[in-house]
Amino acid sequence: MSLEEINLLVSPSNEDVKTVVNWLKSNDIGKEEMMVHSDFIQLRINVMKASNLFETEFAYYQSIRNSLDQRIRIVESASIPKYLKNKIDFILGLSDFIEDNKFYETMFKSRIDVKDSFVTITPSFIKSYYGIPFNQVGENENNSISVASFNDFYSAGALGYFDSEYNIDSSSIRVNNSGPNCFGLNYCGQAESDLDIQYITAIGNNISTLFLSSGNGEWVLDWASSIQLFNPIPKIASISYSWAELEQCQATSFCPTLGIDSQIYIQRSNIEFQKIGLRGTTIFVSSGDDGSTSFYSTSGNCPIDGLNHYCPLGGCNHTITQCPSITIIQSNGSLAIFPNGIGANTGILFSNQSFVDAVNEFIKTNWQCDLSIEEDFSQNPHLYSSCSCENLIPTSNDELGIKIIGYSFDENAGSLFSPQYPTSSPYVTSVGATQIITNQPDEIVCSSSTGAAVTSGGGFAVTQSQPYYQVVAVAKYLETAENLPPSFSFDPTKRAYPDISLVAHKYSIGYSANDSSLDSCPCGLINVDGTSASTPTVAGIFALINDKLLSAGKSQLGFLNPLLYQAAQEQPNVFNDIVTGNINCNRAYCCQYGFSAAVGYDPATDLF
């Protein structure tokens, strides 16, 4: 469909638009300060006008991670006239904090202790392993792909170096940049974008590529709005970022102000994804790198497997533990679980030296159990104990109002799993991760327990219903699956993900080693892991398929998922079924529960 046809579907009444615009005009907001789109309005106004418009006050908020990073947000509450209540869904930019520290680095250096067990992934290996002709490049001038970036930008020097190292014709790399270039700013990253742009252009070679960066503090709704302004819109979009589904609006106590919460944010973002799909664009999103349990912003309430997979990254002094976790009970009744919950509230507690002293007192009290905190090769903490959790002696700290005890699983102490978004959206194609072992023909699920630095993300969404196209596949899996996690831990009627998977371990990428200018060389090669590797590679593969279709006078694939699941039922031989491995681990800890690979569909690697 065209943008105009979609606008007719989603646009509110002219009367409602006029009412909102007149309200803005009555508050001295000029035409040059507002951009009126089909179903949303963007404002660029100063603090004085914003204060008058929303009857509120603003202040500077400083990042606790970086003193140079500031945001202007409201101090307390904000309001709009009652007569606008049913004309505005929600308002962004007043109380929400969607910051760079929420999108932690989504690719990781490959583990070096298993470097000889797995092949190094290069563009030529991808083509050989997955049957892509070495001389196949894009030929249709109407074909196009895109890469999303958040607080990151690629090094042109590293891209040229990568192309030279792997004999890729640099004259066939056609990249157009749009959005802010964050080089030179305090929050800018590079490795994620280097990986994305290098592999999407190496596989989808000679296809026009849009590198679309979003400003600091922007997230997928901003990206979805931005990409729709391009005409023609890219036919494939690759997004290597995800965040906890229930925490899309995480870092503020005022998140519900003027209609914003995570579920509403997701609903509105899904509308934009549908609009993009109706334009004929396929959206690929990485499934995450922390299994079904997640890591950051998880409750930690998933019992660690201390006997079979203690300290999976290696580096600890022991290989098993009888008690892998402790529970901190606070005076208000809230719980913090260490170490698997270190990315959430537990991490905040550990920033308090008095709390650290209390934990040390607990360790000292249980000296007879050889209780200690060990670190793996990535400096993640692990709890060693020769005693079972129930035999650890509790301690209390009245000054802090906490009690520390050995962990025991309680289903009411926090969710086991933390599904990710936007990969859990029914309107995107979610891409998971596999590993390829040297001299073995079959791929396995990518996991920190099998030598990778990450574990492929997957599971079931919390807020989003299961789409029609995967109902049969999910039902068959649930009927035959072994070792399913407890029934209370997931809702089988919700959207399952990922949809497809590709190798994501030990990718060779070029990187800039010049501290004075991150955009230039000297450069080198490093090996990295992540679904942020498999996602742009998959995007490049399907861009080549689109190219063949367009050159044959046909339309591009567009929204892909119904076709994938139909093919799985009618012609399953087009898929390479992954049947070995599970996603019980995250990047540092292995849970006793999770989802396993199986014959046919499964929430560990899905169809392929």
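Placed from the backbone N, Cα and C atoms, the Cβ positions cover glycine too.
Feature list (source: TrEMBL):
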type: DOMAIN; residues: 120-608; note: domain 'Peptidase S53'
type: ACT_SITE; residues: GLU192; note: active site, charge relay system
type: ACT_SITE; residues: ASP196; note: active site, charge relay system
type: ACT_SITE; residues: SER532; note: active site, charge relay system
type: BINDING; residues: ASP577, ILE578, GLY600, ASP602; note: Ca(2+) binding site
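Here the features listed in TrEMBL are painted onto the structure.
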residue	record	contacts (Cβ under 8 Å, 6+ apart)
ASP196	active site, charge relay system	VAL147, SER149, TYR154, SER238, SER240, SER532, THR535, PRO536
GLY600	Ca(2+) binding site	ALA473, LYS476, TYR477, ALA568, PRO572, ASP577
ASP602	Ca(2+) binding site	TYR477, ALA481, PHE595, SER596
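Comparing the recorded positions GLU192, ASP577 by how many other C-beta atoms lie within 10 angstroms of each C-beta, the top residue is GLU192.
Cβ packing within 10 Å was compared across the recorded positions SER532, ILE578, and the lowest neighbour count falls to ILE578. Of the recorded residues, GLU192 (active site, charge relay system) and ILE578 (Ca(2+) binding site) place their C-alpha atoms 26 Å from one another.
Within 8 Å of the centroid defined by the CB atoms of ASP577, ILE578, GLY600, ASP602, the record's Ca(2+) site, lie the Cβ atoms of PHE575, VAL579, ALA597, ALA598, VAL599, TYR601, ALA604, THR605, ASP606, LEU607, excluding the listed residues themselves.
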